[in-house]
Amino acid sequence: MKLQGSRMWLCPRTRLPVGASALGFLILCWLYVFPGYRLPGHKEMVREVLRFGPGWRKNRTEMDSFRKLLQDCCDPPHLFSLTKVNTPLGENLWFDGEFFHSLTIDNSTRSLFPQDTPFKLPLKRCSVVGNGGILKNSRCGEQIDEADFVMRCNLPPLSREYTEDVGTRTQLVTVNPSIIDKRYQNLLWSRKSFVENLRVYQQSYVYMPAFSTKRGTDPSLRVYYTLADFGTNQTVLFANPNFLRNVGKFWKSRGIHSKRLSTGLFMVSAALSLCEEVTIYGFWPFQMDLGGRYISHHYYDNTLPLSGVHAMPEEFLQLWLLHKSGVLQMQLDQCKKDVSSQKPH
């Protein structure tokens, strides 16, 4: 415990300054502990989490302050998805993941957008569910489902073997176009199986970055037309590239250096503006849990992400600072303890 991690004890847990200064104070404290922008390793991060302890208290002042920052930079209530209101006919829509590529909005494309933001805002309590292996055996399913609005990322499995840990309810699920290409052959031959697999997400919004890269447009449009042809009760929303671009700039200014943010961080960013309270699950980018046990990368498999695309430890650090300052709650331990493993009193 005398490693550099012991310097964490110099950072106070409570009585932080109020307003936007509190988060800045935490960042300065972290830079003192890890000078030269050295990211903490797994063991150091575990010490930090365990030192902070299980207690968490929301800070309404900090919540409102951070929500205003997101509103000023990115306007999620208005720009989260493409709508007829925010995307006029004839607009030159620039893709956020391609240099110098744009699409002129015509009647055909604009007809795919809802009239306005479909959510009744503000949303109350939101669960944002990442897919991290730390969710396995977490028994967080019931707690996740208690939220008013549940966001999930990239079509995660919700079969019976996982529901105790991740729940069953979904109000919004994201779909990376690469999933449509690799798993469903771009819906050229697998439309029926795709529709059947999406039934587990019930009457949810399906959120896709159709206008981020040229390669993502066709698969996203195929999803829209497939769900329409089969008369499903799901609604496709297309991510607004202006929103994605601005969120990327927002986090880059706060020290996240990556080619692209993870889907999870995009969703958390949206939730912090759209929801009154946010709890996040499955956000833990390390190979061992808080008890020192090895865990898989996802709760359902151990497929690793492409190297060099995301900066998951940097993202986690920012989310952890928001947890400490009371802006959001990060669930890293079991939601329900395993009674069979506890000693009788």
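Quick reminder: no glycine exception, Cβ is built from N, Cα and C everywhere.
Here the structure is a predicted model, which means the values were calculated and not measured.
Residues or ranges marked as active site, proton donor/acceptor in Swiss-Prot: His310.
According to Swiss-Prot, the CMP-N-acetyl-beta-neuraminate binding site annotation covers Asn131, Asn154, Ser262, Thr263, Gly264, Trp284, His298. The local packing around Asn131 (CMP-N-acetyl-beta-neuraminate binding site), expressed as other Cβ atoms within 10 Å of its Cβ over all shown chains, amounts to 23.
According to Swiss-Prot, the feature substrate binding site maps to Asn154, Asn176, Pro177, Ser178, Ser262, Thr263, Gly264, an assignment based on similarity to another entry. For Gly264 (CMP-N-acetyl-beta-neuraminate binding site), the count of additional Cβ atoms within 10 Å of its Cβ stands at 26 [all protein chains shown].
Cys126 (disulfide bond) carries a strand DSSP state (E or B). Other Cβ atoms within 10 Å of the Cβ of Cys126 (disulfide bond) number 26 in total over all chains. If you look up Swiss-Prot, you'll see Cys126-Cys275 (among others) marked as disulfide bond.
In the shown protein chains, 24 other C-beta atoms lie within 10 A of the C-beta of Cys140 (disulfide bond). Positions annotated as disulfide bond by Swiss-Prot, on the basis of similarity to another entry: Cys140-Cys335 (among others).
Here Swiss-Prot flags Asn59 (among others) as N-linked glycosylation site, drawing on sequence analysis. Around the Cβ of Asn59 (N-linked glycosylation site), 19 further Cβ atoms fall within 10 Å across all displayed protein chains.
According to Swiss-Prot, the feature N-linked glycosylation site maps to Asn107 (among others). The DSSP secondary structure for Asn107 (N-linked glycosylation site) is helix.
The N-linked glycosylation site feature in Swiss-Prot is assigned to Asn233 (among others). Applying an 8 A CB threshold to same-chain residues 6+ apart, the list for Asn233 (N-linked glycosylation site) reads Gln202, Gln203.
Summarising the annotation, Swiss-Prot assigns topological domain 'Cytoplasmic' to 1-15 and lists sequence analysis as the type of evidence. Each residue in the topological domain 'Cytoplasmic' (1-15) has a pLDDT score, and their mean in this model is 37.
The topological domain 'Lumenal' annotation in Swiss-Prot covers 37-345.
Residues or ranges marked as transmembrane segment by Swiss-Prot: 16-36.
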Taking Cα atoms as reference points, which of the binding-site residues Asn131, Pro177, Ser262, Trp284, His298 is nearest to Asn59 (N-linked glycosylation site)?
Trp284
Once the chains shown are all counted, how many other Cβ atoms turn up within 10 Å of the Cβ of Pro177 (substrate binding site)?
22
Distance from Asn176 (substrate binding site) back to Ser262 (CMP-N-acetyl-beta-neuraminate binding site), taken between C-alpha atoms, in Å:
11
Quick one: pull the CA-CA distance for Asn107 (N-linked glycosylation site) versus Pro177 (substrate binding site), whole Å only.
23
Local Cβ density at His298 (CMP-N-acetyl-beta-neuraminate binding site) - other Cβ atoms counted within 10 Å:
20
According to DSSP, does His298 (CMP-N-acetyl-beta-neuraminate binding site) sit in a helix, a strand, or coil?
strand
